[in-house]
Amino acid sequence: GYAFKPPPRPDFGTSGRTIKLQANFFEMDIPKIDIYHYELDIKPEKCPRRVNREIVEHMVQHFKAQIFGDRKPVFDGRKNLYTAMPLPIGREKVELEVTLPGEGKDRIFKVSIKWVSCVSLQALHDALSGRLPSVPFETIQALDVVMRHLPSMRYTPVGRSFFTASEGCSNPLGGGREVWFGFHQSVRPSLWKMMLNIDVSATAFYKAQPVIEFVCEVLDFKSIEEQQKPLTDSQRVKFTKEIKGLKVEITHCGQMKRKYRVCNVTRRPASHQTFPLQQESGQTVECTVAQYFKDRHKLVLRYPHLPCLQVGQEQKHTYLPLEVCNIVAGQRCIKKLTDNQTSTMIRATARSAPDRQEEISKLMRSASFNTDPYVREFGIMVKDEMTDVTGRVLQPPSILYGGRNKAIATPVQGVWDMRNKQFHTGIEIKVWAIACFAPQRQCTEVHLKSFTEQLRKISRDAGMPIQGQPCFCKYAQGADSVGPMFRHLKNTYAGLQLVVVILPGKTPVYAEVKRVGDTVLGMATQCVQMKNVQRTTPQTLSNLCLKINVKLGGVNNILLPQGRPPVFQQPVIFLGADVTHPPAGDGKKPSIAAVVGSMDAHPNRYCATVRVQQHRQEIIQDLAAMVRELLIQFYKSTRFKPTRIIFYRDGVSEGQFQQVLHHELLAIREACIKLEKDYQPGITFIVVQKRHHTRLFCTDKNERVGKSGNIPAGTTVDTKITHPTEFDFYLCSHAGIQGTSRPSHYHVLWDDNRFSSDELQILTYQLCHTYVRCTRSVSIPAPAYYAHLVAFRARYHLVDKEHDSAEGSHTSGQSNGRDHQALAKAVQVHQDTLRTMYFA
């Protein structure tokens with residue numbers, strides 16, 4: 001297909017006051033030499049990278065005299081090998097045999113080497129200085145392999161990061177998991193220079209420990225002695241969910257620590273689990289695992305009442321008693337962390353900006369790339385100081401309120417408040433109900449009465465008067481009572497505007513309230529935690545009002561019209577799009593794509609579209625239909641056809657820019673043409689990324705903001721650490737509260753509207769101030785944030801009462817075999833809800 005090429009950077013931004021920053025990018029000095037690229041083929045294939053690296057290391061040693069001499073080749077763990085001097089093998093394929101001393105017996109591998117190409121670093125210099133149109137990908141890949149070769153041998157690589165268990169101190173998370181600290185490293189092209197991006201990071205790993213201890217952690221036993229009888233069904237299911245897919249090693253064969261992958265946990269204990277055993281006579285008998293271990297390994301099991309692990313391939317019937325297995329070290333946890341684990345993780349890893357800066361500098365000193373023999377072999381030098389870069393702090397927009405005084409708020413450090421201000425368009429609430437799902441003894445009628453009074457007072461002040469007492473206020477229990485109660489409300493009270501639902505902490509009731517309210521009956525619902533009813537604060541009540549007003553069709557505030565950038569001179573629609581994927585380990589659940597579109601000129605109100613699509617599919621499959629719906633809705637709301645479409649796309653990684661742009665830009669165009677054959681609004685396609693490792697720090701201590709010492713809200717960078725030729729920028733639009741702020745990265749993949757840098761940066765920053773759920777600037781533009789909320793809400797709509805709890809299904813991770821149509825129907829929002837911001 002025809003490749004769309006992202007536009008060149010139009011200019012550099014100049015708006016705002018300048019600020020001196022340091023970025024965690026380290027300049028690389030790269031010689032203008034050629035690098036020699038060889039392809040390796042290792043047989044048997046499918047070895048883990050770690051093993052491949054060992055093979056190559058042995059090969060280089062063993063064939064030093066014949067082939068490698070003093071060269072120090074670097075290897076990517078798969079099939080790419082690079083050298084600084086050509087190998088004396090010409091263009092022919094060379095076949096070698098390499099022996100790895102193994103556990104028990106040696107393993108023999110066949111390796112073939114063949115020359116692929118010369119990678120010119122001169123071409124890279126030309127691209128970075130803008131003399132060549134695009135940066136050659138294979139050069140960056142080669143440099144990346146050089147920089148990673150040594151750390152890959154020393155540490156446990158995960159993606160682009162390296163981890164190692166903390167020396168001396170462990171950071172347990174519970175449930176058999178612990179925190180490992182490490183660092184991210186990637187080679188990035190920037191204007192004039194290659195940069196090494198280095199950041200500290202942390203992730204959850206499984207603790208290397210006996211499986212018996214793992215069981216205790218997962219099932220909350222003080223010790224295994226508490227469990228004298230077989231596991232119950234629910235215990236076994238929970239344990240299976242945690243251990244399935246992990247690697248274990250056996251301890252009962254001396255030095256032969258064979259490793260296996262767990263595919264299941266047996267229903268029967270080791271004393272009863274049988275398998276077909278071939279006897280010497282040739283006939284097979286059924287033998288129990290416990291008996292086999294006694295006869296074969298002279299091992300009397302201590303815990304014959306516990307189940308076995310089924311390992312290897314399902315059909316092979318290999319069973320291991322728990323007590324002879326250990327969890328293999330260095331396995332990253334890809335399953336979702338529990339809430340407790342997540343908060344423990346954040347406590348262990350959140351660092352104020354200055355602390356993080358110091359840690360990164362410390363890391364650079366200990367990594368000491370300039371003494372790395374492989375890096376030196378290729379003549380590369382890395383500066384050990386962070387890169388200085390000049391940023392700009394943009395002016396925040398003024399925020400216009402309504403009511404009598406039409407007050408104007410001016411954000412300071414990304415924050416403003418509603419004191420003495422009224423909603424731009426407040427909704428009068430006449431008919432409303434309360435449904436309390438918290439137990440009456442904990443959340444008493446006195447609590448409810450005082451909560452109602454406080455809420456009404458705050459709502460009056462905010463210009464969204466709740467007139468009169470609720471028409472209905474009853475207690476209820478359990479998710480099953482939601483449907484009948486809501487039906488009764490809808491049928492009994494004409495003109496019912498809102499149901500306030502009080503919840504006792506985490507509960508399946510929430511998912512059911514949203515399923516019934518959003519998709520079945522089309523009723524506006526506002527949930528409140530019991531603790532916020534028992535003791536109210538002006539802050540929580542005010543936040544509730546922000547959400548309620550919007551759900552009922554109100555407008556909380558708008559950008560001051562005369563302060564908006566020129567793009568607003570013609571009708572423009574803002575679209576936000578996101579795809580969310582199910583947590584890892586759920587093979588069957590669908591991905592959810594959401595697209596929202598602005599419905600007024602402020603822009604304040606948004607309309608949502610949502611679809612289920614194939615598991616882990618990154619591209620929005622049904623985008624044309626979704627955009628079409630939004631354009632029609634925009635026309636109905638405003639009586640205008642947008643002349644411009646500004647599309648903020650979240651959740652795309654760099655490797656997918658091309659694919660996503662190609663498919664989705666065409667889809668947006670198709671949506672327009674299908675509405676009217678000559679309808680061709682200008683499209684600007686911007687990818688928003690939060691998941692990257694660029695961190696910015698204030699050079700001047702006096703510029704640091706707040707306890708966490710972060711850069712000020714509005715800090716923008718579009719030089720030195722950004723792309724050499726394309727249109728991208730960093731913008732930190734929010735005030736960092738905890739840890740180190742991540743500036744969001746914006747990459748313009750298409751622009752029919754010919755934005756200047758200033759205009760697009762200011763527009764983006766202003767849109768970060770239009771998020772209705774709080775009176776602060778958020779980290780990404782409101783439309784992108786809303787798309788995320790819509791997809792997140794759809795996850796709740798998919799929760800199946802019969803099978804899942806909202807926290808995750810305890811069936812074997814499938815969407816209970818519901819077919820695509822059923823899932824599609826489940827996320828379809830009710831007609832009456834469609835035009836409201838139900839997701840707020």
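Positions of Cβ are set from backbone N, Cα and C atoms, glycine also.
Listed in sequence order, the residues of the same chain lying 6 or more apart from D650 (divalent metal cation binding site) and placing their CB within less than 8 Å of its CB are G576, A577, D578, V687, V688, Q689, K690, I780, A784, A787, H788. As annotated by Swiss-Prot, divalent metal cation binding site applies to D578, D650, H788.
Helix, strand and coil counts under DSSP for the domain 'PAZ' (210-329) come to 38 helix, 38 strand, 44 coil. Look at Swiss-Prot and you will find 210-329 tagged as domain 'PAZ'.
Swiss-Prot lists 498-799 with the feature domain 'Piwi', giving sequence analysis as the kind of evidence.
Counting only residues at least six positions away in the same chain, no Cβ atom sits under 8 Å from the Cβ of S368 (phosphoserine). Per Swiss-Prot, the feature phosphoserine maps to S368 (among others); the stated evidence is similarity to another entry.
Positions annotated as 4-hydroxyproline by Swiss-Prot: P681. For P681 (4-hydroxyproline), the same-chain residues that are 6 or more apart in sequence and have a Cβ closer than 8 Å to its Cβ are K641, P642, T643, R644, I645, C672.
According to Swiss-Prot, the phosphoserine annotation covers S805 (among others).
According to Swiss-Prot, the phosphoserine annotation covers S809 (among others), on the basis of similarity to another entry.
Per Swiss-Prot, phosphoserine is recorded for S812 (among others).
Residues or ranges marked as phosphoserine in Swiss-Prot (evidence: similarity to another entry): S815 (among others).
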Need the DSSP three-state call for S368 (phosphoserine) to compare against my parser.
coil
Kindly assign D650 (divalent metal cation binding site) to one of the three DSSP-derived states: helix, strand or coil.
strand
Among all protein chains shown, how many Cβ atoms are found within 10 Å of the Cβ of H788 (divalent metal cation binding site), not counting that one?
21
Tell me whether D578 (divalent metal cation binding site) sits in a helix, a strand or coil according to DSSP.
strand
